[in-house]
Amino acid sequence: MLLLHLHLIQAPHLPPTLSITYHGNTARTHFCLDRTSESRRAKMSNDYEASVTPSWLTSDPTVWSSSRDGFTDNATYPPMGSFPPLPPLLVNPWDILLCSSGTLIACENALVVLVIWQNPALRAPMFLLIGSLALADLLAGLGLVLHFTLAYLLRSDSAQLLTVGLVVASFSASVFSLLAITIDRYLSLYYALTYNSERTAAFTYTMLVLLWGLSLCLGLLPVTGVNCLAEESTCSVVRPLTKNNVAVLSVSFLLLFGLMLQLYVQICKIVMHHAHQIALQHHFLSASPHYVTTRNGVSTLAIILGTFAACWMPFTVYSLVADYTYPPLYTYATLVPATYNSVINPVIYAFRNQDIQKALWLVCCGCIPARVAHRTRTPSHV
């Protein structure tokens, strides 16, 4: 039998001793490990496991690193069939969807805020409330983008509290602004003769101060300690908000929605009554153009209220019955449609308004098309 023995002497800075023994045609390879090499292999194994763990705190890991012994390989190569499982996705696709929605929200509403800010003619109470709605949605969109960016780059509890507080305050101001717009529309019909008075302007400013002050207080709650970072069992479906905090927000939303529903019902009654009086003066009802446009206006109000409910109601109900133990998929599936309400708001309340349309045309192209300049206002635009 042919026996060949190859022995490599281990130097202090070299890898473990390698011995290769040939017995006939069969080759057997084995390592002679000392205490130093065993500790080195344990360190390399730990480094490998750390390299496959996704982390946004450090740069993209590589398999090579510098040490006092020169360049060492941080990756070990386990036998076939014992490879570690694939790492999870580093970015949640739902978070990407929320960030994209926030970008669209910010761009849309920034345009509305810019148009109202630059046009001195848009200073009536109605336009102030529309500007408040656009500003709230603009901040909500920026909050979604900042939350995505800071959550994946910093992974800091303080940054998470700030961005969640901004999102809560912004969406609260958005919902409160919708309520203020509904109140303003009701007052413009119920007190039609005295609506354009200084008293109405003062009332509008009072509503703006109250709604933004209350929204700011709601947004500061997570930052000032009302959060579940210290006790995970108190978390809601939206971390780090507590279950009680989300319950208060949800119940408040339901109360506001009920109030808006009641106001819109009263608006419909007033508009229908006015249309009926005008139709009686013309001695016909069904063929009256005022009746047709009024019916379109009532349909528009139903679409506005239905869209608002369809966007926010699923998340509101779900946040009341669920907690942190529920799958995150359900939270994302109900939260994403809620953000779409801020995408639709500029279309419903700003871009359909004739005065804002004219100002928008002036900003974009410096002219006003004839079809926009001579368009008559109808009750469907209420």
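Using N, Cα and C of the backbone, Cβ positions are placed for all residues, glycine too.
The transmembrane segment annotation in TrEMBL covers 94-117, 129-153, 159-181, 202-226, 246-265, 298-317, 329-351. Annotated domain 'G-protein coupled receptors family 1 profile' per TrEMBL: 108-349, in sequence order.
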Mean predicted confidence [pLDDT] for the domain 'G-protein coupled receptors family 1 profile' (108-349):
88
Which of 129-153, 246-265, 298-317 has the most Cβ pairs closer than 8 Å to the transmembrane segment (202-226)?
129-153
State the residues, same chain only, that lie 6 or more residues beyond the ends of the transmembrane segment (129-153) and have a CB under 8 A from a CB inside it; answer 'none' if no residue qualifies.
56, 90-91, 95-96, 98-99, 101-110, 112-113, 116-117, 122, 159-160, 163-164, 166-167, 169-171, 173-174, 176-178, 180-181, 184, 204, 207-208, 211-212, 215, 339, 342, 345-346, 349-350, 353, 356
